[in-house]
Amino acid sequence: MYCSNCGKGLYEDDKFCVNCGAPVKTRELERESDGLAPFLNSAAPNPHPEQARRNTAEPFEEDYSLFIGKRAEEYLLLWKEDRHWNWPAFLFGGYWLLYRGMYLYFLLYLICLSLLVNVIRYLTFPAYYLSNGVVWTVIAAHFVLQVVFAAFANQIYFHHAQRKIRSLNVRFDRYPDLRKEKIESAGETSLYIPIALAVLPILIGIVSFLLYTAHIYKEINQEIRIMEQETSLRRSLETTDGAIRPA
């Protein structure tokens, strides 16, 4: 630092110039401090890079990758290219929704399936009776629903992921590491629920068949017992009548 009047070198704590006696102007101190400003800014602690770039709840591509998991590249490509058809959704229907954790959409799927089948059945066959026509109508209605569902499945999954990630971004905005864990956990897939729901009707059918068989067996045994009692009573009456008749 130098005196602005005579150019003599000064120390930082000098109030006056020892050469000319001129007071040290605050402009000199400010200039020196301005020269250190970039270094002070670089030394100051920066916010977390995740927090610095994230000023919105909208999901980034890496958020979708965390949410989707193993098949992230495939689904990201489908969404970018705006492809509509989804083979797993077409082949497995509601079970695909359960596998991807979309339980609310699965409930809506069941409601739509039930409404569609019943409306078509009542319009085609006003009087309810089981026939080949009813069966084929139900199969056709289910097929139509599967086609429509498969055509919109990618968009349904995208909006599901977007809604979940937005909620987690808002809730865990200040905790980036925890936020990533929650996003990954929210998008986890599971085969247990689809398998359980697929096996459950079979188990119910087996148990119902066994209970029905046991009921029929019980009724048959009861009928046999009644018939045996009636036969025994008839024989005893015949024996009694024979003994009473005069010779």
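Numbers here mean position along the shown chain, with the first residue as 1.
Every residue gets a Cβ built from N, Cα and C, even glycine.
Record features (TrEMBL):
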{"type": "DOMAIN", "residues": "2-24", "note": "domain 'Zinc-ribbon'"}
{"type": "TRANSMEM", "residues": "103-123", "note": "transmembrane segment"}
{"type": "TRANSMEM", "residues": "135-158", "note": "transmembrane segment"}
{"type": "TRANSMEM", "residues": "189-212", "note": "transmembrane segment"}
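Within its own chain, the transmembrane segment (189-212) has Cβ neighbours under 8 Å at 69, 92, 95-96, 98-101, counting only residues six or more beyond its boundaries. Residues 93-94, 97, 134, 137-138, 140-142, 144-145, 149, 156, 160 of the same chain lie 6 or more positions beyond the ends of the transmembrane segment (103-123) yet place their CB under 8 Å from a CB of it.
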